[in-house]
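According to Swiss-Prot, the feature topological domain 'Cytoplasmic' maps to 1-12, 85-89, 225-236. Sequence annotations record features per position, and here Swiss-Prot assigns transmembrane segment to 13-33, 64-84, 90-112, 202-224 based on similarity to another entry. Annotated topological domain 'Extracellular' per Swiss-Prot: 34-63, 113-201, in sequence order. The site 'Important for interaction with integrin' feature in Swiss-Prot is assigned to 116, 144, 148; the stated evidence is similarity to another entry. Taken from Swiss-Prot, the feature disulfide bond covers 156-190, 157-175. Summarising the annotation, Swiss-Prot assigns cholesterol binding site to 219.
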């Protein structure tokens, strides 16, 4: 016997929320893949300074995001099917998956909050090491290539950790082509550009996580209400 009245409204409301959840999973998966293959981050995080690769903490978060997006699409489909079929078993499984996903999202949010400054800090340290090697050693071709990639990708020049007045002559050939010594002195600091690059992407991820968390809370409530409604309707 199918559900009636308010429970039937909850059934279709849950279906709509699950469809939105499925779409959100697709959007998160798409955004994560875009962040993974974004030319700016790819150019910088694929670099190597000698035997030392660029910090990959950012990519760890992206891989987690890809997995979350894929799981969300599966769970959203499961919720849609469970709601239409009025299956207590499927709805119970759906609720359990939501609880696990919500716990993982909270854990990922805590990890992201703790590491939000560390990601940019690690990249800036990597850049500073390459810049110091390139300035001190004329034969440090690998370091020069790393520095040039940073400068061309971010359209910046140099770091505040080195004096612009004492190193402008040495940095001139490392800055974007066409830059003069005078313009390089006033070009934006690479540390600031690195902060802007990663803070913008982390802000986007944070907004997406909050929206998904709100949807998940509503879905957990609706799935339990619908499950109870199905159980009560089967009694009568």
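Quick reminder: no glycine exception, Cβ is built from N, Cα and C everywhere.
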*For residue 175 (disulfide bond), what is the secondary structure by DSSP, using just helix, strand and coil?*
coil
*Mean pLDDT over the topological domain 'Cytoplasmic' (225-236): what is the value?*
72
*asked:* With Cβ-Cβ distances below 8 Å as the criterion, list the same-chain residues six or more beyond the ends of the transmembrane segment (202-224) that contact it, or say none.
replied: 10, 13-14, 17-18, 20-21, 24, 27-28, 31, 35, 61, 65, 72, 79, 82-83, 91, 94-95, 98-99, 101-102, 105-106, 108-109, 112, 116, 119
*Rounded to a whole number, how many Å is the Cα of residue 116 (site 'Important for interaction with integrin') away from the Cα of residue 190 (disulfide bond)?*
18
*Cβ contacts under 8 Å made by the transmembrane segment (13-33) with residues that lie 6+ beyond its boundaries*: 62, 65-66, 68-77, 79-80, 83-84, 204-205, 208, 211-212, 215-216, 218-219, 222-223, 226
*Summarise the topological domain 'Cytoplasmic' (85-89) by DSSP state, stating how many residues are helix, strand and coil.*
3 helix, 0 strand, 2 coil
*When DSSP states are folded down to helix, strand and coil, where does residue 156 (disulfide bond) land?*
coil
*Near the topological domain 'Extracellular' (34-63), which residues from the same chain, at least 6 beyond its ends, have a CB less than 8 A from one of its CBs?*
108, 111-112, 115, 118-119, 122-123, 126, 129-130, 133, 142-143, 146, 149-150, 153-154, 197-198, 201, 205
*asked:* Using a 10 Å radius around its CB, how many other CB atoms surround residue 116 (site 'Important for interaction with integrin')?
replied: 17
_From 175, 190, 219: recorded positions whose CA lies within 10 A of residue 148 (site 'Important for interaction with integrin')_ = 175
